[in-house]
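Novice: Mind looking over this structure? Questions follow.
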Amino acid sequence: MMSKLRVLLTICLLLFPLSALPLDGDQPADQPAKRMWNGKLAARKPRFDKYDLVRGCCPPQWCGPDCTSPCCG
């Protein structure tokens with residue numbers, strides 16, 4: 001009985017070697033925090049026109065109700 005089991009195990013290992021299985025160490029590290037930060041950074045990055053930089057204006061979404069800048073008008 002043990003010899004039959006040994007033969008079966010040998011055949012299975014020859015047909016499907018353990019090296020074919022992906023190991024955790026072989027996979028690139030998943031970095032969801034970095035992907036999220038890049039997305040948030042891109043979404044929060046202010047988009048200035050050259051004209052706005054010369055005038056010293058900020059983006060309209062930065063203007064609050066008590067803003068005294070001529071750009072917030």
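Even glycines carry a Cβ here, placed using N, Cα and C.
Quantities reported herein were computed from a predicted structural model and do not represent experimental measurements.
For 1-20, the entry in Swiss-Prot reads signal peptide, with the evidence type sequence analysis. According to Swiss-Prot, the 4-hydroxyproline annotation covers Pro59, Pro60, Pro65, Pro70, on the basis of experimental evidence. The cysteine amide feature in Swiss-Prot is assigned to Cys72; the stated evidence is a curator's inference.
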Novice: Around the Cβ of Pro65 (4-hydroxyproline), how many other Cβ atoms lie within 10 Å? Please give the count over every shown protein chain.
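Specialist: I count 5 other Cβ atoms within 10 Å of it.
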Novice: Quick one: what's DSSP say for Pro65 (4-hydroxyproline), helix, strand or coil?
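Specialist: Going by the DSSP assignment, Pro65 (4-hydroxyproline) belongs to neither helix nor strand, so it counts as coil.
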